[in-house]
Amino acid sequence: MALSLAQSALAFAPALAPAAAATRAAAVQMVTPPATLTTLAKELNPVIGYWDPLGLGTADFWSKGNDATVGFLRHAEIKHGRVAMAAFVGYIAQYNGLHWGFPMSLSGNDPQYAAGLTPPEQWDALPMSAKIQILGFVGFLEFWGELGASIGDNSHYMKGGKPGAYPEFPEANVIPFTPAGVLSLYDPFGFSKNKSDEAKAKGLLTEINNGRLAMIGIMGFLAEQKVPGSVPFGPKLSAYAGEVMAPLM
């Protein structure tokens, strides 16, 4: 019986070899990252250059192709970098007791303004209704960022569009009777409207580098509060006993 099973197993060996060879061939074809990434990496940091230990630059998410995957990853990095920059500055301001000089609720009761609260504790002190409004607004921005990137003259960042671009709200091609630019979240103050392409490209490099540093910075703040002393050469912050990854608790 054992001999019969062994012979049956050997019978499949020749059939498996071509499949393994095909897999190796496919892997060889995907080891070279797109030139856009290698060039961008050198522009961002000439010392380190292109560094991708996880091989994300040659990946194919959801079988959409490498171009779509690269667009997704670049857009995600820029977007998270922007959020992190806002969070980093906001954290420093809130940790030092800076806040709006007017009530944030109709009742005038703002427990998040209590003296001595750190940023995560200020969030915990917010009433649930306030948390839902904030998260709902952020969710709407995310929804419009995806919807608006695929309609009108816009191209989605996974379909050849510009990573990091945010569609104007409202979009003229969606609401023709409303002029575009009434509220442009991509460039609300028009700073880059008349800049040259070279200046815009340089600004993007600065934004990406600052965003990367801000992501490390804000996570360092939270790590230090959660596990005091865990950040080498970092600031000494008050310990936080809550859970920053449970925003509705």
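Any Cβ shown, glycine's included, is placed from N, Cα and C.
Going by TrEMBL, these are the annotated features:
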type: BINDING; residues: W51, E77, H80, E207, N210, R212; note: chlorophyll a binding site
type: BINDING; residues: R82; note: chlorophyll b binding site
type: SIGNAL; residues: 1-21; note: signal peptide
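Its own atom aside, the Cβ of H80 (chlorophyll a binding site) has 15 Cβ atoms within 10 angstroms in the protein chains shown. In the three-state DSSP scheme, N210 (chlorophyll a binding site) is classed as helix. Reported as a whole number, the C-alpha separation between N210 (chlorophyll a binding site) and R82 (chlorophyll b binding site) equals 9 Å. Taking CA atoms as the reference points, E207 (chlorophyll a binding site) and the residue listed as 'chlorophyll b binding site' are 8 Å apart.
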